[in-house]
């Protein structure tokens with residue numbers, strides 16, 4: 001906004017200067033009890049927040065559009081703007097109005113952005129809130145993520161933009177920073193909170209210097225990240241952005257970690273979506289894996305569990321330690337005593353971040369005090385059980401002196417804000433107690449003065465009051481105002497009363513106001529000093545919060561295992577998945593009837609199962625439960641099965657269901673083929689691959705050919721551990737032609753025209769698809785079902801003839817080259833016979849006995 005500031009009022013000139021420094025974001029400009037917005041900001045905020053758009057006088061000869069929000073309710077408005085992906089610069093008055101000449105000095109004290117907020121009211125409690133920078137150089141893609149609410153700082157390098165897209169989908173970022181010349185901007189479509197940043201923010205030397213200054217180091221070698229140069233460029237950008245928005249030191253960001261894909265079982269975007277890990281296909285959180293597993297008692301534990309679910313690990317030693325702890329907590333019956341203690345710890349992780357940023361509120365400190373008070377009892381209940389658990393407890397530490405400090409310093413239930421006063425406890429500071437005593441004595445003094453003045457003047461309506469504008473006053477009703485003594489100085493005239501001041505009251509007012517002001521100022525100083533006293537042990541408290549989060553997750557998983565009858569899985573270094581009595585962890589919780597448990601057996605000699613069976617028979621549920629059980633094992637959880645042995649896995653792929661991608665202009669079939677191509681390129685012999693109904697979106701010949709070729713590729717080329725569900729019965733001949741392939745089917749029983757789904761997995765191929773029976777269940781008209789039966793009988797006859805003619809082992813009608821001419825099929829709506837016409841013409845209520853007898857003979861004749 002280029003303006004000639006000389007044409008504007010001094011206040012608007014000040015506003016425009018501040019706005020020029022923050023051109024792309026909303027500016028909340030503090031004026032008294034309101035944050036005001038002007039010009040285009042006002043129009044935008046009025047639309048987004050549904051607040052009134054008004055005008056404020058004129059500046060440079062033009063009316064000024066204006067909108068505002070009360071300062072005491074600003075958090076709610078900020079929360080809405082942040083949820084919409086907007087950023088806001090908060091501009092406060094920092095000068096003293098009493099001494100200012102011209103506009104009070106103001107400056108932007110912080111910038112609230114979706115990815116860097118730390119205020120409790122602006123954050124999703126049980127979900128990570130991340131800002132990330134992405135960068136590409138010479139074909140290498142990188143992402144650096146920062147959690148401002150915990151200080152967690154991670155970098156990753158990725159081989160291609162598809163891997164980056166999958167990572168973005170996993171992280172569900174609140175804000176994404178990218179360079180102006182980023183080469184793959186198309187993958188950012190449909191994301192909000194996008195911020196284009198200048199290229200210089202991604203320069204390597206600048207990034208390394210910035211990171212070293214932040215961590216107080218000379219080199220990044222100690223973090224093991226020095227060779228990840230592309231990722232360091234991204235890290236420099238995101239750290240610069242954090243410093244720019246927070247306008248304060250960031251002591252809780254004290255390390256950086258390089259995440260390697262080789263450390264995790266990789267899940268692509270389609271797999272996360274299809275398995276409904278933390279979000280269901282409708283976009284909600286109900287009936288997801290997280291909804292079943294997450295009964296954590298702390299928000300920070302809940303967030304950690306979701307990270308585990310989205311990023312299962314391959315470190316078997318670490319997994320076995322998690323299993324040991326879960327096992328021990330169950331056997332030693334420590335779940336029940338630990339969970340209430342952990343619940344009282346609350347969100348210690350985010351409270352510590354606000355302490356580091358010096359934005360913690362009084363109630364944050366009381367919650368921290370409560371959290372620290374739980375630590376001795378938590379340690380007592382968790383230690384001396386296993387070496388793994390002892391190592392975790394050792395991180396919790398002893399903070400008894402900090403707990404004692406907060407106990408002395410903060411009252412039991414403080415007000416929400418320090419500016420309201422009354423936060424620091426009595427006895428903590430002698431000077432503060434003196435000022436408070438002076439201020440508190442005002443009530444008694446004023447009562448005595450009021451009684452004395454009434455008696456001296458004889459005015460029974462006289463009373464002493466106070467307001468923020470005029471201070472203390474003596475009020476007399478209009479009917480008795482003529483009795484006011486000469487030394488009473490009129491201060492204000494009201495409709496029914498006069499207000500006066502006397503020298504004694506004015507002197508006392510100055511003294512009391514000074515005491516209140518001094519009390520509030522000293523209290524704010526003491527409160528700020530508390531941060532200084534907490535800061536030396538911030539790093540240790542962060543480690544404790546991490547350990548408590550993990551203990552919460554493991555205690556939660558122990559409770560889930562106990563409540564839901566889960567078993568401890570075992571791991572094998574060999575390829576394979578061997579599950580007995582496996583159950584779908586989500587479906588079994590929502591079914592009213594008992595869930596039918598099923599086995600699966602895959603290994604190097606039996607690595608592809610062709611899964612057949614009717615629609616609604618449970619094929620998709622069966623395949624998903626195998627993936628979910630495997631994933632649960634790789635986060636360290638117990639699993640819903642009678643027993644489970646899981647071999648080495650590097651990736652889990654799913655190709656289940658599809659719909660049009662309208663935003664990208666891709667059809668259902670194109671989406672399906674894109675996902676399939678990704679699997680065929682990326683899958684290895686250690687990948688678990690689930691394919692459901694590939695090839696449905698095109699012609700029958702094309703679909704069957706593609707399904708056959710994909711199955712053959714997976715069986716022969718990649719030899720991945722694969723479940724391949726299909727309605728193409730031609731594929732059931734694959735086991736006779738390829739090594740390592742077997743048939744299984746979901747059982748069903750047909751009785752007359754109805755079908756009963758048994759939901760049990762049996763060896764061998766299904767005998768038929770039961771498609772017509774399922775169609776009848778869905779309410780398809782009976783005449784349509786009858787016509788379909790006729791068509792089916794004809795096609796099956798042709799298929800049989802083709803097999804006999806060509807001795808074709810696959811010999812299905814779909815590969816027959818000589819389909820005969822289709823015979824005449826009965827029309828959908830048949831013509832009425834003479835008998836039916838005669839019967840329809842009879843009205844029984846109108847017939848005499850003789851006419852009825854004649855009609856009966858006529859109908860009998862027509863039948864003959």
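Each residue, glycine too, has its Cβ placed from N, Cα and C.
If you look up Swiss-Prot, you'll see 613, 614, 615, 616, 617, 618, 619, 620 marked as ATP binding site, on the strength of sequence analysis. Counting only same-chain residues six or more apart in sequence, the Cβ atoms lying under 8 angstroms from the Cβ of residue 613 (ATP binding site) belong to 619, 745, 746, 747, 748, 766, 769. DSSP assigns residue 613 (ATP binding site) to coil in the three-state reduction, outside any helix or strand.
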Practice task
Taking the Cβ of residue 614 (ATP binding site) as the reference point, list residues of the same chain whose Cβ is under 8 angstroms away and which are at least six residues distant in sequence.
Solution key: 746, 748, 755, 757, 766, 769, 770, 771, 773, 774
Completion exercise
Those same-chain residues, other than 613, 614, 615, 616, 617, 618, 619, 620, found with Cβ within 8 Å of the centroid of the ATP-site Cβ atoms are 746, 748, 757
Problem - Close in space, distant in sequence - residue 615 (ATP binding site), Cβ under 8 Å, 6 or more apart - result: 727, 769, 770, 771, 774
Problem - Candidates 616, 618, 620: member of the binding-site residues with the richest Cβ shell (10 Å) - result: 618
Completion exercise
Cβ contacts within 10 Å for residue 617 (ATP binding site), all chains included, total 26
